[in-house]
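As written in Swiss-Prot, here are the features:
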- 1-17: topological domain 'Mitochondrial matrix' (TOPO_DOM)
- 18-38: transmembrane segment (TRANSMEM)
- 39-166: topological domain 'Mitochondrial intermembrane' (TOPO_DOM)
- 167-187: transmembrane segment (TRANSMEM)
- 188-197: topological domain 'Mitochondrial matrix' (TOPO_DOM)
- 198-218: transmembrane segment (TRANSMEM)
- 219-311: topological domain 'Mitochondrial intermembrane' (TOPO_DOM)
Amino acid sequence: MAGPLWRTAAFVQRHRTGLLVGSCAGLFGVPISYHLFPDPVVQWLYQYWPQGQPAPLPPQLQSLFQEVLQDIGVPSGHCYKPFTTFTFQPVSAGFPRLPAGAVVGIPASFLGDLVINTNHPVVIHGHTVDWRSPAGARLRASLTLSREAQKFALAREVVYLESSTTAVHALLAPACLAGTWALGVGAKYTLGLHAGPMNLRAAFSLVAAVAGFVAYAFSQDSLTHAVESWLDRRTASLSAAYACGGVEFYEKLLSGNLALRSLLGKDGEKLYTPSGNIVPRHLFRIKHLPYTTRRDSVLQMWRGMLNPGRS
């Protein structure tokens with residue numbers, strides 16, 4: 001066992017710079033490629049296909065999206081390609097400043113009858129929605145958004161794409177890897193472990209790797225929380241109507257999650273909290289801000305706009 005382990009350690013030591021550069025390039029390239037080439041990938045994943053055919057974007061949704069772009073003041077040279085998605089929330093990817101542009105998936109439920117029709121079967125997590133039940137009626141009501149709430153949901157995606165924060169997220173992993181490697185090598189030299197026993201060096205490297213992952217997880221979650229909070233505040237600041245739509249959007253989102261919690265039974269209790277937030281999948285991490293926190297933030301902004309003297 002010592003032979004292969006020594007050979008592996010010697011190989012890593014001999015090619016450590018190349019391995020580091022290759023690993024950093026891979027950690028940056030894989031997530032960023034999703035946004036550099038969004039047109040075929042995102043539409044293939046999220047396109048709404050009623051009756052086996054991709055649904056074209058209806059004129060009313062196209063008009064709604066163009067209105068959002070005008071409200072935000074997006075330059076005419078930025079490229080956006082909206083399409084109809086089967087999801088209940090908008091999806092987006094890409095860089096609007098680049099030639100490939102950005103894509104934004106607009107939920108078919110924004111039209112109302114396409115998905116919310118009680119004669120149209122909907123399966124969620126393996127459970128067919130019973131629209132006649134109280135929870136089914138609540139879910140149906142949560143999918144019916146006002147024009148202001150729809151505009152808030154779309155504007156939030158456009159603001160995110162215009163900010164190019166995707167590149168910052170993609171840079172975080174390689175930056176943490178390079179930082180962990182540099183600090184680990186420096187600590188080995190400082191403590192005199194570089195020429196010490198291999199077992200001791202391996203143990204130190206393992207501790208450094210764990211510390212690096214913890215730093216990455218904390219940085220990733222903190223950045224995500226900051227971006228989500230900024231997106232809500234930036235979108236709500238467009239006007240009082242957008243802020244009001246944001247409050248409705250998150251209220252309907254929480255109401256829909258509570259309906260799903262009831263419809264899915266025990267599976268729903270594992271997915272959603274009694275307040276409608278998503279149950280964290282990791283014990284020591286909260287990857288996203290709770291929806292209640294985001295709703296309260298937008299609600300506070302809306303109240304401040306209605307009563308500027310009290311803000």
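Using N, Cα and C of the backbone, Cβ positions are placed for all residues, glycine too.
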Same-chain residues near the transmembrane segment (167-187), Cβ under 8 Å, at least 6 residues beyond its ends: 16, 20, 23-25, 27-28, 31-32, 193-194, 204-205, 208-209, 211-212, 215-216, 219-220, 223-224, 227
For the topological domain 'Mitochondrial matrix' (188-197), mean pLDDT (0 to 100): 78
Residues from the same chain, set at least six apart from the ends of the topological domain 'Mitochondrial matrix' (188-197), whose C-beta lies under 8 A from its own: 204
Within the topological domain 'Mitochondrial intermembrane' (39-166), residues counted as helix, strand or coil by DSSP: 62 helix, 21 strand, 45 coil
